[in-house]
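J.: Checked Swiss-Prot, it gives:
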DOMAIN    3-120  domain 'MTTase N-terminal'
BINDING   CYS12, CYS49, CYS83  [4Fe-4S] cluster 1 binding site
DOMAIN    143-375  domain 'Radical SAM core'
BINDING   CYS157, CYS161, CYS164  [4Fe-4S] cluster 2 binding site
DOMAIN    378-441  domain 'TRAM'
Amino acid sequence: MTKKLHIKTWGCQMNEYDSSKMADLLDATHGYQLTDVAEEADVLLLNTCSIREKAQEKVFHQLGRWRLLKEKNPDLIIGVGGCVASQEGEHIRQRAHYVDIIFGPQTLHRLPEMINSVRGDRSPVVDISFPEIEKFDRLPEPRAEGPTAFVSIMEGCNKYCTYCVVPYTRGEEVSRPSDDILFEIAQLAAQGVREVNLLGQNVNAWRGENYDGTTGTFADLLRLVAAIDGIDRIRFTTSHPIEFTDDIIEVYRDTPELVSFLHLPVQSGSDRVLNLMGRTHTALEYKAIIRKLRAARPDIQISSDFIVGFPGETSDDFEKTMKLIADVNFDMSYSFIFSARPGTPAADMVDDVPEEEKKQRLYILQERINQQAMAWSRRMLGSTQRILVEGTSRKNIMELSGRTENNRVVNFEGTPEMIGKFVDVEITDVYPNSLRGKVVRTEDEMGLRVAETPESVIARTRKENELGVGFYQP
């Protein structure tokens, strides 16, 4: 009988990436097949996020539902991973003694051994350590699911913003070696992936080892990824302004594979609040980065993150945030009301902004962002946009759907063989959450670099050291 695995994932794209790796790993080691139905599963895994308000209570609420399944099937294994697991550790079992496995973001590769241990002596396992880069060495080969893929290039963050739990739950910054990253992307390209999204909590701080022992920069890595045949679109998230150096901006000037869209969190437009947040940059420095980016890539669009109602934020501080939003002319952005995360310095600050005031500020900010995003969309009317076709449209299964460089969903009439390829589409209609268009050019008419396969690139550039060990030299 086929053994089944159910994974519920909350949080960021890094968590989505981690969950996909868990599924691949347990399929390779135990033959577990994914199921969307928790009641069918032999193993239930909850991959948690601690960023949002009441994250811990949300976890225990979900575990309470799974407890009923455990009572019906005592052999069911329940595991909790992610940032809440890293933060709470043994406390999870104190409140939910039926949980068998607690693991952190850096120990998910040990899941096969943890499951074997629980199956063997029924003893619970808790492993929330930080074994640095070992996780990536233990994961199976990547499996593509469509024309886009996430690739984690680093873990952790050293910035210690006062409101953020990431350095405590995922550890400090650790970068993967460049050849490991490039080989994973080449494997994905060989399976039909055309767009990669490079992931990290502070992705532009990547400083990975090169094949010759030197340390590469994020700008170096972007150019190496762009050189992989078959990869025609590169995204990355999430960035920190303090690490957004001029060499990265130069990549926007000369590397067309890098999309004309950037998510660069700023959180506030007030220097006083930025200082309280521990952001280590000013609003003016942020705007200087945007000015240089637009000089290098005039059509680039910027999205961001904002926190309203941070302790000590005055009406004047909020107005400075609104001015920054207008000055930069942000596109789609994420915004949240401040809520203290246990264990962070901000949790000890006096939360002195009334709740109703926080809600009002959030409403005003989101209305302005939505207006600007809609204006950006309207500018696209009548233009020709390059779309990576991801599959059938959610609105109409007789149509296709894909995304523009600036992350707009576009629905259009097409043929099945277009899926997984690029098409140029003229935008004919603009809606609040999507665009509509008609195909004006197929990939065969674009002259993209698909003549040389990733396998041939690897074979051509593979070298051996004096011990006969092969390595990939781009």
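Note: Cβ is positioned from N, Cα and C throughout, glycine not excepted.
Small disclaimer: the values here were computed from a predicted structure and weren't measured.
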J.: Other than CYS157, CYS161, CYS164, which residues of the chain come within 8 Å of the [4Fe-4S] cluster 2 site, judged by Cβ distance to the Cβ centroid of those residues?
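T.: Going along the sequence, the neighbours come out as LYS159, TYR160, TYR163, VAL165, VAL166, PRO167, GLN201, ASN202, GLY278.
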J.: In the same chain, outside CYS12, CYS49, CYS83, whose C-beta lies within 8 angstroms of the Cβ mean position for the [4Fe-4S] cluster 1 site?
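T.: For the [4Fe-4S] cluster 1 site the neighbour list reads TRP10, GLY11, MET14, ASN15, THR48, SER50, ILE51, GLY82, THR169.
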J.: Using the alpha carbons only, what distance in Å do you get between CYS12 ([4Fe-4S] cluster 1 binding site) and CYS161 ([4Fe-4S] cluster 2 binding site) once rounded?
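T.: Between the alpha carbons of CYS12 ([4Fe-4S] cluster 1 binding site) and CYS161 ([4Fe-4S] cluster 2 binding site) there are 17 Å.
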J.: What is the average pLDDT across the domain 'MTTase N-terminal' (3-120)?
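T.: Averaged over the domain 'MTTase N-terminal' (3-120), per-residue pLDDT gives 90.
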J.: State the count of C-beta atoms found within 10 angstroms of the C-beta of CYS83 ([4Fe-4S] cluster 1 binding site), not counting that atom itself.
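T.: I get 26 for this one.
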J.: Work through the binding-site residues one by one (CYS157, CYS161, CYS164) and name whichever has its CA nearest to the CA of CYS49 ([4Fe-4S] cluster 1 binding site).
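T.: Minimum Cα distance from CYS49 ([4Fe-4S] cluster 1 binding site) across CYS157, CYS161, CYS164 lands on CYS164.
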J.: According to DSSP, which kind of secondary structure is CYS49 ([4Fe-4S] cluster 1 binding site) found in, if we only use helix, strand and coil?
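T.: Its secondary structure by DSSP: coil.
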J.: Which chain-mates of CYS161 ([4Fe-4S] cluster 2 binding site) that are at least 6 residues away have a CB under 8 A from its CB, listed by sequence?
T.: GLN267, MET277, GLY278, ARG279
J.: Could you tally the C-beta atoms, other than its own, that fall within 10 angstroms of the C-beta of CYS49 ([4Fe-4S] cluster 1 binding site)?
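T.: By my count, 19.
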J.: Taking the Cβ of CYS157 ([4Fe-4S] cluster 2 binding site) as the reference point, list residues of the same chain whose Cβ is under 8 angstroms away and which are at least six residues distant in sequence.
T.: CYS164, VAL166, PRO167, ARG170, GLU172, GLU173, GLN201, ASN202, ALA205, HIS240
J.: Per residue, counting other C-beta atoms within 10 angstroms of the C-beta, which of the binding-site residues CYS12, CYS164 reaches the highest number?
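T.: Checking each of CYS12, CYS164, the winner is CYS164.
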J.: By DSSP, what is the split of the domain 'TRAM' (378-441) into helix, strand and coil residues?
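T.: Secondary-structure composition of the domain 'TRAM' (378-441): 5 helix, 33 strand, 26 coil.
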